[in-house]
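S.K.: The active site, proton acceptor feature in TrEMBL is assigned to ASP77. According to TrEMBL, the feature NAD(+) binding site maps to ASP77, GLY78, ASN152, ASP153, ARG163, LYS180, ASP182, GLN252.
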Amino acid sequence: MMSKKILPKTIGILTKPHRSTEVRQLLTPLLPWLAGKGLSVMLDREAILSMGPSPLSVFDREEIARSADLLIVLGGDGTILSAARIATQRQIPILGINLGTLGFLAEVPKEETFLVLDSVISGHYVAERRAMIHADLLKNGERITESHDVLNDVVINKGTTARMIEVEIYANNHFVTEMKGDGVIFSSATGSTAYSMAAGGPILHPESQGIVMTPICPHTLTQRPIVFPESVRLETLFKTADAHVMVIFDGQISVPLEKGDVLRISRSDHVTRLLVSPDRNYFEVLRDKLRWGDA
């Protein structure tokens, strides 16, 4: 699903930590270029640090999210995921410039930055509305202690412990299965090409609204991934005592689980507006980035 186009006036720039040289090399020509287009620019702390001594103002990411019309993310897919969490309330479009390795979400090569940005600020872009997952963690099944909207996935993972973990899963209050193994992944369509795919889950087209449940090394031959409809309300009851198990939100926020905790999963009311090239289709990206369909 595509969204209404808005000509940006204020640009927020978010950058990947510890990539100072690459970020500086790109920002040095980019900042005066944006100023020459009459655009205001807000830089996060990592961007300012990469520039060295500078008179430029630094903005925290929440402040950028309140004011920017467009987020330019310099980094990889992980930086896109962190940007998505702060962009959701105002549904700020995100343009990813790839400074990472895979760059499945941050698909614009840094060599094409100015060409693509010239099109974007002129209104010539495609904004995909990517479905997100909403997750609540209830301690002892009662009190919500964590609440997150994520673009990729929510993972229950045993980490380094040798013990098998056990969960019960319910869909719309109906018992689905008791799962024993290393964990379980709940992914969006966007996240279906990440950890879920590596664990044997299906690839969903990014316009799909469903939620994929993928077991991690299940202790049975018959438990397979399943795709739930967008209307589903999932509950996972954690049943293992004395295990070092975590629930991980988009690979970046980790919270320990205890016996009796409940994880609620549903489709989020928010979406991520991801800018993609109008000259490339999703299947081309699958082939180029993941070698999908190679003989």
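The backbone N, Cα and C atoms fix where each Cβ goes, and this holds for glycine too.
So where do these features actually land, and what's packed around them?
M.R.: ASP77 (active site, proton acceptor) falls within a helical segment according to DSSP. ASP77 (active site, proton acceptor) has a Cβ environment of 23 other Cβ atoms inside 10 Å.
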S.K.: For the NAD(+) binding residues given in the record (ASP77, GLY78, ASN152, ASP153, ARG163, LYS180, ASP182, GLN252), what is the largest pairwise C-alpha separation in angstrom?
M.R.: 31
S.K.: When DSSP is mapped onto helix/strand/coil, what comes out for ASN152 (NAD(+) binding site)?
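M.R.: Assignment for ASN152 (NAD(+) binding site) reads coil.
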S.K.: Quick one: give me the count of other CB atoms within 10 A of the CB of LYS180 (NAD(+) binding site).
M.R.: 17
S.K.: For LYS180 (NAD(+) binding site) and ASP77 (active site, proton acceptor), what Cα-Cα distance in Å is obtained after rounding to a whole number?
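M.R.: Distance (Cα to Cα, whole Å): 30 Å.
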S.K.: Per 10 Å Cβ neighbour count, which of the binding-site residues ASN152, GLN252 ranks highest?
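M.R.: Counting every other Cβ within 10 Å of each candidate, the maximum falls on ASN152.
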